[in-house]
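Here the structure comes first, spelled out in structure tokens, and everything after it is commentary.
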């Protein structure tokens, strides 16, 4: 087993005792950091940054040099899998992702390959291995993937969307076709995350960014069912240590019981959920991650500290809480604000862990 100098993140995910509440931030390696912008400029474009193991490692480590974070998260993108399937991913300057060859027909679904993670996605595994080496046991490394539903929205829509008309048209008019697509993507995610774990990821997270746009039955059938399949297929122990799995559906507060029943170790919460209620509902089954509104980081230090203390009080005593934002950090927050956030969590959480 690799020795970890700080394992409180992994312990909290498994609801084991910790000395203080661990914290990391979604998108902690990103555009709010001037050093990230410099490294991205050096890479040339976003996907070149992802594909260069040394530069991906550098941006993964940047936030850890500034803030006392309890975990590192692999720098990559959720759209690596559809890109490896041959859909032709591009990021225009100042624009969101676009696919040159979106999924529009039955034959497109049938001909979709399942990528070999150590071939088409080897650059991701190289990044994981490089980051693990450079972390040198300081904190654990989180691997991740998008959820099948969320990946399928981009694959069918051809990029970002606010209306979700194409994917929902397929869902209601051709449900069998969408299930076939989701099944293929789920199989790909299992292979991808297991390869990350073998390469050195010590925990994994599935980002279901768009699950919250679905109705109740549709969420269970078209999103959660496939995350459940992934959870069942994952390596749950590696290098003599359990590998915790976190599921995060943005807008998923209505489905906490169903998410907990997948057998995941933790549920990520957005800021619309009350942490005390979530703990009362599912805290006996899973750990909880979250859930400060990222926009609080625009506020004065005292207001950030106040929000941290409120959320800590909502969770109350005991382990099983990983502090995080309710979604990714905004790109224009002051770089001093995350330090206030992280330090406040460590300072004010200690009494809850006696």
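Cβ from N, Cα, C; glycine included.
Of all the Cβ atoms in the protein chains shown, 22 others lie within 10 Å of the Cβ of residue 327 (substrate binding site). What Swiss-Prot records for 27, 28, 29, 30, 31, 77, 154, 209, 327 is substrate binding site.
In sequence order, 46, 47, 50, 97 are the residues near residue 77 (site 'Transition state stabilizer'), counting only same-chain partners six or more apart with C-beta under 8 A. Following the DSSP three-state reduction, the secondary structure of residue 77 (site 'Transition state stabilizer') is coil. As annotated by Swiss-Prot, site 'Transition state stabilizer' applies to 77.
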Coarse DSSP state, helix versus strand versus coil, of residue 154 (substrate binding site): helix
List of residues, in chain order, with Cβ under 8 A from that of residue 27 (substrate binding site) and at least 6 apart: 328, 329
Cβ packing number for residue 154 (substrate binding site), 10 Å threshold: 26
Tertiary neighbours of residue 29 (substrate binding site) (same chain, Cβ under 8 Å, six or more apart): 36, 59, 60, 62, 63, 73, 75
